[in-house]
Amino acid sequence: MDFECDDDDELLKVVEQLENHTDDLNVAVKPEPHHLECLQKNFGHLEFRPMQWKVIRSIIEDKRDNCCIMSTGYGKSLCFQFPPVFSNGIAIIISPLISLMQDQVKSLNLVNIKSCMLGSAQTNRSIENDVLNGEYRIVYASPEYISGSGSDLIGKLKDKITVIAVDEAHCISSWGSDFRPKYLELKNLRQNAPDIPILAVTATASDRVQQDICTILKLKNPQIICTGFDRPNLEILVRRKTKDPWDDIGLLLRSKFLVGVSCIVYCLTRKATDNIYEILNSRGIKCGSYHAGKTQHQRKEIFDKFIRDEINVIVATVAFGMGIDKSDVRCVIHYGTPADMDGYYQEIGRAGRDGVPSKCILFYSDGDFEMHRHFRMNSRMSNKEMKRAEDRATVMKDFIYTKQCRRLKILQYFDGPSAQCPKLSVCCDNCRTASTSTTKQNIDDINKELDFSKDAKTLIDAISIFDGFSGISKPIAVLRGSKLKTIERYHNHKLMGSGKHMPEQYWKILADSLEQQELLQRQQSKADGFGFTTIKVTYRGKEWAASGKPLKFVPSEQLLHLMSSERSSTKAPTSSSSIKPLYDTSTSYGTSPIERAPIKGDEQLKRDLIMVRAMIASREGTMPYKIASEPAIDCLVRTKPLNMQELREAKVDGFTEAHYVFGPEFLKCIQRSKGFLPESSTENVESKAMTTAENPSNQTSSTTTTEASKSLAKSDNGFEDDDELFLSVEIDCEKIEKGLNVEKSVPATTAKKITRPIPKRVKYENSSSDEETSPAKAQSNLPVQDSSKPVGIRKRNIF
């Protein structure tokens with residue numbers, strides 16, 4: 001191109017146009033048919049997400065380094081799994097979590113992408129030899145292995161390696177919330193692989209952490225990709241704890257939205273974790289407890305039960321950390337305030353990774369912040385690290401007490417003050433309040449400042465009489481006119497009963513607001529070796545109380561609701577009933593143990609498909625959502641394919657070529673629901689399953705299942721029509737749902753062929769004559785399927 005310009009300004013304009021043109025060219029480059037064919041065949045997706053393709057193209061075409069911050073659920077794994085599969089090369093994936101690597105290897109082998117894992121305790125040298133011989137497409141490795149005994153592996157493989165990926169890359173930065181010193185040893189990666197593209201990926205990284213990642217890994221001219229931190233399918237809710245954890249968590253888990261689905265409950269301490277577990281378990285909720293105080297075997301057992309849907313709820317500390325590869329978690333509950341925003345965002349990121357609407361609910365109390373402060377003070381942090389931790393804690397506290405959109409606060413933390421939040425129908429509790437009218441007089445605008453002078457003065461006076469040697473409970477007891485013996489000396493005080501017009505919870509939340517206004521201050525104290533939180537009036541609070549000036553501020557959602565409820569009620573609500581419920585618990589199913597309401601139509605079909613999925617997953621030794629995600633199940637329910645051709649035409653997202661092996665089992669379930677199979681094969685299947693589960697001594701179904709397994713094992717070459725197989729599938733799945741032991745009656749190596757044709761869309765109905773068409777006769781009239789294309793459970797070795 002010829003640049004003929006009279007001055008520098010014109011030259012700059014031309015250069016700018018050229019740069020913009022180059023950017024346009026990069027954006028315009030779309031995946032070619034052979035890229036999409038590889039994607040659909042091996043990963044089950046019809047198209048790339050925009051940022052996925054941008055990263056993948058830069059690796060396979062430009063051999064360029066990348067630093068990618070991709071929100072959880074966006075599909076960052078595809079960015080390093082696709083290039084080696086497409087290029088017939090090798091990807092080295094460095095990850096800090098053994099369990100995550102093991103799950104990923106299983107999942108990839110399930111879809112016939114040969115993968116393995118190498119760790120620091122590696123003793124089987126044959127795996128390393130197989131890697132060097134190019135037997136594996138994807139090799140997962142721990143940072144300890146790569147920087148230790150496996151340090152020369154990359155040098156030996158450099159001509160075959162397509163990409164080196166560093167997963168959870170934020171662990172490399174001391175500014176990150178999950179700093180791992182071992183990750184610092186990855187700084188030599190570039191020296192060992194000067195010409196191999198390095199891909200650093202994480203779901204959470206501030207600007208400072210991004211800089212550390214690029215600097216420490218010595219990325220060359222890296223492409224910085226950020227998909228944004230917004231998770232539009234997550235609703236964010238914050239509530240103050242009540243006195244009873246069951247009222248907070250238990251009733252919530254019994255609500256119609258959450259009954260029977262996967263949920264994570266995070267607690268601050270091991271003791272709280274075990275306590276919440278005992279409460280939930282005693283009320284019939286299938287759950288497990290997970291924390292560092294348990295043995296590795298115990299943790300693995302609980303983890304496996306959770307990811308395989310044998311239990312619905314896991315109660316855990318942050319030991320149940322990053323890398324949880326379960327896409328269908330519908331709710332993340334924090335029973336206690338997280339230490340910082342980075343950790344909070346990581347933890348809520350485990351909800352709704354499949355894009356389905358999910359909830360993130362945080363319950364906080366007065367002592368949470370002081371507990372974190374106590375942990376910091378007793379740690380070995382340097383002054384610099386202490387300052388960082390305190391700054392992060394302040395951000396979290398502001399998030400708890402904000403009246404703004406909580407989603408916006410998260411985006412502003414990660415993207416800066418200029419970040420904007422899209423308008424969503426379901427966003428957060430503050431936005432929910434803003435969209436709901438209130439009954440309180442003089443409240444027309446949710447963002448309007450209200451005058452709290454009178455109640456604030458009353459509360460400050462009550463706190464003052466204890467002179468900073470009490471928590472918030474005693475001053476409120478005085479205001480409420482309590483006859484507790486602990487405040488007996490104040491029974492004749494002029495403030496006694498002066499606040500009984502409002503409930504206890506109102507005064508607690510008002511105290512939170514006054515603390516935010518710096519009129520009150522909480523602090524951690526000790527007596528006789530026990531810690532407790534006290535509250536006192538600050539110098540600023542004393543000045544305001546003496547000034548007689550008005551005090552106006554925008555009330556929180558809970559405070560506003562309590563004011564509204566009290567005005568519309570003649571009786572002051574109790575602390576536990578005064579909070580607007582997160583869900584309509586009146587629609588919850590049953591009491592202990594949980595009972596399910598009758599299910600009909602598509603809901604019943606979905607439940608049946610999930611049962612079949614559970615049986616397949618148990619047989620294959622993998623997670624149910626790896627067989628079919630919830631969106632995939634929904635697609636099957638919506639399209640209702642009846643044969644393999646229709647199943648392929650449905651284009652179920654996530655169904656690779658390997659997944660179609662399981663197609664006949666899903667198809668038979670759909671055929672039954674549509675009435676295409678004889679009634680004798682489906683009559684009372686569920687009741688039989690229930691009977692079998694409730695009466696383990698009844699061995700009929702077990703014997704039948706075992707005999708069917710033996711029969712099937714004998715016929716490696718032929719498939720026989722056998723409804724007992726699918727009857728046993730439904731029975732076993734019902735057992736799985738009830739958490740019972742299930743005999744693996746149909747092993748992965750079992751072969752079975754259906755000689756009867758897959759039925760088309762013809763129901764068993766009366767013929768044109770008066771004669772009723774029998775199932776057998778209707779079956780004989782069905783079109784014959786091409787026998788050259790048998791369908792069924794194929795015999796194959798997965799692992």
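The backbone N, Cα and C atoms fix where each Cβ goes, glycine too.
What TrEMBL annotates here:
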COMPBIAS  680-699  compositional bias 'Polar residues'
COMPBIAS  776-788  compositional bias 'Polar residues'
DOMAIN    253-400  domain 'Helicase C-terminal'
DOMAIN    599-680  domain 'HRDC'
REGION    680-716  region 'Disordered'
REGION    747-799  region 'Disordered'
Counted with DSSP (H/G/I as helix, E/B as strand, rest coil), the domain 'Helicase C-terminal' (253-400) has 63 helix, 28 strand, 57 coil
What counts of helix, strand and coil residues does DSSP assign across the domain 'HRDC' (599-680)? 58 helix, 0 strand, 24 coil
Averaging the pLDDT values of the domain 'Helicase C-terminal' (253-400) gives 88
